[in-house]
């Protein structure tokens with residue numbers, strides 16, 4: 001039990017704490033005049049928080065002055081203590097709008113419908129409408145309370161319900177938004193940090209509202225079970241006063257702290273604009289960044305190889321830029337030239353990291369970029385040149401007549417490389433016969449692995465698409481044009497399609513658009529026909545790679561073993 005003096009001291013400290021936070025919030029509210037245009041409504045969260053802090057500090061000073069005279073049944077006393085809970089829900093709703101708006105402005109804008117920028121804008125607008133409705137609802141409920149239409153218990157119950165309901169809605173919305181737009185690159189590295197800060201603060205507030213609803217329910221139950229309506233006698237109970245202190249510190253003060261902290265406040269003064277880039281060269285043997293002008297690279301290529309850089313390889317039909325055969329330092333190489341509509345520093349930094357990550361894999365039959373030259377909006381990626389060209393070229397342009405054993409050897413080599421890639425916790429995701437190159441000995445070389453950030457960016461701003469007739473139904477089903485989160489089963493399906501292509505010398509679904517592929521492969525479940533196929537073991541393996549259930553597709557260790565057994569039976 002606490003005596004009256006101890007109760008006074010507790011509420012005096014609380015009143016002083018809330019008053020200090022109110023003064024700090026007033027400073028932030030004054031500084032909010034510097035918010036940029038698209039963050040002007042973020043001032044609401046500081047406005048509502050100021051009102052809530054004012055009412056809460058006023059109620060505590062009221063307790064300090066008149067604690068012995070306060071009756072818990074008095075409507076004014078009830079309003080003084082309960083109204084701040086209604087206002088903090090308004091701040092919570094505004095924070096949800098901040099999260100949606102930050103997601104919208106921190107991600108790179110898309111020129112295609114998959115971005116969903118308009119949907120986010122509409123969601124933000126709807127959130128503000130909900131905020132207005134909430135304020136009108138609370139105003140009406142308290143009006144009904146003073147007209148004796150509603151009881152205090154009804155007001156308390158709806159506040160408890162809305163604590164849990166608002167937390168569930170905001171939590172579900174947070175997860176849905178972040179999952180849906182997780183594949184979109186950030187405009188800048190700083191924009192990504194801003195969004196992480198907003199998400200963290202939102203999670204803190206969700207936890208705070210859930211805890212407050214729980215504590216509020218326990219407090220109301222304790223008060224209802226009490227034999228007195230005198231406020232001082234109610235709070236003199238040790239359990240009640242401890243519960244009040246924990247509730248206020250954890251579910252309100254902590255939440256206020258993160259909103260007032262500068263790392264959160266400074267977000268609203270940012271435009272999230274794209275950062276300028278510089279021209280850099282990334283070399284395999286020297287991963288530090290070195291400047292080299294693009295025109296110097298072009299002159300070197302033209303002089304040593306005797307051809308213009310625009311002389312594009314006819315058999316390498318990569319959609320990720322142009323593929324150009326050249327010579328650098330007397331070595332034949334291929335330069336993949338990608339021209340962007342616009343570029344930013346964040347994508348550049350991730351491009352460097354992505355290239356280094358693939359180089360570190362050290363897989364023998366995996367083609368890696370040995371250099372990257374960037375100038376203005378042009379990216380030139382340098383990789384080895386394979387004179388035999390792509391597997392697609394071998395099968396469908398040259399129409400080479402391969403023996404059964406050679407077809408199996410190519411399939412085994414491809415499967416072995418994919419097995420090594422998967423052992424490094426990587427997956428390709430958009431494997432086709434176009435991005436399988438061949439050595440003079442017809443050893444398959446896998447290319448186009450990685451560069452996820454650049455591909456996502458190009459899919460958003462340049463119309464790049466890496467989905468094809470070789471893509472798994474799961475990848476085709478996704479509405480975006482770029483593969484964002486490939487898994488091993490996707491590669492198994494693509495490998496089965498390449499094997500069918502090798503053994504039938506036929507391109508899968510030739511001329512099909514992405515829409516037609518979704519209709520045929522995903523909705524209707526069609527696969528290329530397997531008739532009079534020899535050997536039968538390969539036919540069964542191809543069918544297992546095309547299994548509708550991704551979890552039932554074989555892994556590549558099993559695929560390699562199966563193909564080796566089949567090859568030995570031919571000897």
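Each residue, glycine too, has its Cβ placed from N, Cα and C.
Here the structure is a predicted model, which means the values were calculated and not measured.
Feature annotation (TrEMBL): of 198-218, 261-281, the stretch labelled transmembrane segment is 198-218. Using the rule of three or more Cβ pairs under 8 Å, pairs at least 6 apart in sequence, the transmembrane segment (83-102) is in contact with the transmembrane segment (198-218).
Panel annotation: around the transmembrane segment (198-218), residues 85, 89, 92, 95-96, 98-99, 102, 156, 159-160, 163-164, 166-167, 170-171, 174, 178, 243, 246-247, 250-252, 254-255, 258-259, 264, 267 of the same chain, lying at least six beyond its termini, place a Cβ under 8 Å from a Cβ of the stretch. Each residue in the domain 'Protein kinase' (309-567) has a pLDDT score, and their mean in this model is 85. Counting Cβ pairs closer than 8 Å and at least 6 residues apart in sequence, the transmembrane segment (44-63) and the transmembrane segment (238-259) reach three or more and so form a contact. With a cut-off of 8 Å between Cβ atoms, the residues of this chain six or more beyond the transmembrane segment (238-259) that come close are 1-2, 7, 10, 14, 17, 21, 25, 45-46, 49, 53, 56, 88, 91, 95, 200-201, 204-205, 208-209, 211-212, 215-216, 218-219, 222, 265.
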